Amino acid sequence: MHKYRTHNCNALQISDVGKEVKLSGWVHRRRDHGNLVFIDLRDHYGITQIVFTDQNLQLMEMASRLRYESVITVIGKVVARSGDTINDTLTTGHIEILAREFIVESAADTLPFVINTEKDAPEDLRLKHRFLDLRREKLHNNIILRSQIISHIRHLMTARGFTEFQTPILTASSPEGARDFLVPSRMHSGKFYALPQAPQQFKQLLMVSGFDRYFQIAPCFRDEDARADRSPGEFYQLDVEMSFVTQEDVFSTIEPVMYDLFTKFTDKKVSETPFIRIPYNESMLKYGSDKPDLRNPIIIADVTEIFRDSDFTIFRENIKKGSVVRAIPAPKAAAHARSFFDKMIEFAISEGAGGLGYIQFSKNDKAKGPVAKFLSPQQLESLKATVNISDGDAVFFVSDKKEKAAKLAGKVRIRISDELDLLEKDCFKFCWITDFPFYELNEETAKIDFSHNPFSMPQGGLDALKNAKTTAELLELTAYQYDIVCNGIELSSGAIRNHKPEIMYKAFSIAGYSEEEVNKRFGSMIRAFKFGAPPHGGIAPGIDRIVMLLAEATNIREIIAFPLNQQAEDLLMNAPNYVEDKALKELGIMLLPSARKNVEQE
């Protein structure tokens, strides 16, 4: 017999009755019934009930003193449970083990929180004792699911002719849009490596190197604030790059991977391929977001022209000053109480709106509400047709500059859906957002900057860049840039790359970078592109967000084994931490007085 176990805790069935077995695991629960002690023994695979009887009083008394989460090895006979004690929620629920001996492999101290319940302890306490937290069923299963998803991704990608690579972790800083994690060099004093925000340049260089289809389960490091769906330190992505491809080639390659993943690991309805394509400007108009949740049936409409010559002075004057008016329908909400409309107005104001107009179209064909009296019957009919609403519906209005109005309308759209419970249940709805702006105005400097990935190919190529003379014309330029969105969550960004040095120099010069600076920051890639670079493109779906959706987790830390907390601290390993002065001296680093003060205080 094996030293620790003949079976795992999820293996024994009614067909095993009469066998002598050995099991090892953690004491999950203990119940003392006087003449009987029951222990639920748990391992990675499941739970088996162990029973100690008063026929071996000493053994039973020892079992009654076992602390939860102690590790034990038990030897005993498999017996059938009586009919009224069968537990159909357990795979092993038809049997139990009548113990004849056990060994304590490792006794547990008093637990800082309860393991055998789904009730959450404070998160920082859980993260400090993550090795205990990971024993809980839901979290344990999430980590197993993550492994299965990544394994299946590898299978899907290799089956499609992709080669898996590992790119460097110590590299140079590049402008990916977030702060770098910097690593000082001991051998090159005063110089720093950066942990990669993404393997962007390396995967493009692999295409230049003649490889055709690259993928990597890539760790990425960004020094940015935490969110519910974003870890503050590192995350993983399915990094993909392909040579000699168009945008549609990328779509048709990734769509079946996403569809296969989501249909394999969930019973929910998944969007059929091909996924719907929505240009960026259309998405901002109809949904008020470049990450639309298509489970929400509400579609925003532009009603600027209806109000341009209306008697509603506020909107009419706004339009004269360059603002727009967006209408957000509220299906079957016309008969709702005044409190519903007041609550919506309060919400809009809390989001920065000056107010929120509305009209109720009652079933007797009467329009009421604060805005209705300012519109003629013809304008009201035009409004109903434009917004696609009918009697019994209500409609809300926001008016502001185009970009702000879009975002406000998008937030109102989501809030209406929540209030009216409109969100379609038990489904994953995918879409592509395409034709992103190539440039944007930097909010701090008011200068032209890249909107997304600076390595994207502008639509129209070099001619488009040369022909755009004004700021307005530059902001109208679009890129071969795309996002894949599922249920309102951006899973990935991607692009067809700019593989021509002359276009890259021009694109960067418009954003304020000299040719010398481009060569300094991206010299390796520019140099490579001068020796024959294939047209190429790629994408990088976020592994963590995919697992979050499939695990139905609301917090990204619930699908990562050892995450940082929201303050970017590893409470288990006590990181970040201070290092000795000797190590700093070797690296040529001296702490500022404010940083030195923090060291001394701790």
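Glycine is treated like the rest: Cβ placed from N, Cα and C.
Long-range neighbours of HIS33 (site 'Important for tRNA non-discrimination') (same chain, six or more residues apart, CB within less than 8 Å of its CB): none. For the recorded site, HIS33 (site 'Important for tRNA non-discrimination'), the DSSP three-state label reads coil. According to Swiss-Prot, the site 'Important for tRNA non-discrimination' annotation covers HIS33, on the basis of sequence analysis.
Per Swiss-Prot, the feature L-aspartate binding site maps to GLU176, ARG222, HIS452, ARG497; the stated evidence is sequence analysis. Sequence-distant neighbours of HIS452 (L-aspartate binding site): residues of the same chain at least 6 apart with a C-beta under 8 Å from its C-beta are PHE436, ALA479, GLN481, SER493, ALA495.
The DSSP breakdown of the region 'Aspartate' (200-203) into helical (H, G, I), extended (E, B) and coil residues amounts to 4 helix, 0 strand, 0 coil. Residues or ranges marked as region 'Aspartate' in Swiss-Prot: 200-203.
If you look up Swiss-Prot, you'll see ARG222, ASP223, GLU224, GLU490, GLY542, ILE543, ASP544, ARG545 marked as ATP binding site, on the strength of sequence analysis. When secondary structure is read from DSSP and collapsed to three states, ASP223 (ATP binding site) falls in the strand class. In the structure as shown, the Cβ atom of ASP223 (ATP binding site) sits within 10 Å of 15 other Cβ atoms.
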For the ATP site made of ARG222, ASP223, GLU224, GLU490, GLY542, ILE543, ASP544, ARG545, how many Å separate the two farthest Cα atoms? 19
So of ARG497, ARG545, which of the binding-site residues has the fewest other Cβ atoms within 10 Å around its own Cβ? ARG545
What residue among the binding-site residues GLU490, ILE543 has the most other CB atoms lying within 10 A of its CB? ILE543
Quick one: Cα separation, ARG222 (L-aspartate binding site) versus GLY542 (ATP binding site), in Å? 14
Out of these binding-site residues, GLU224, ASP544, which one has the fewest other C-beta atoms within 10 Å of its own C-beta? GLU224
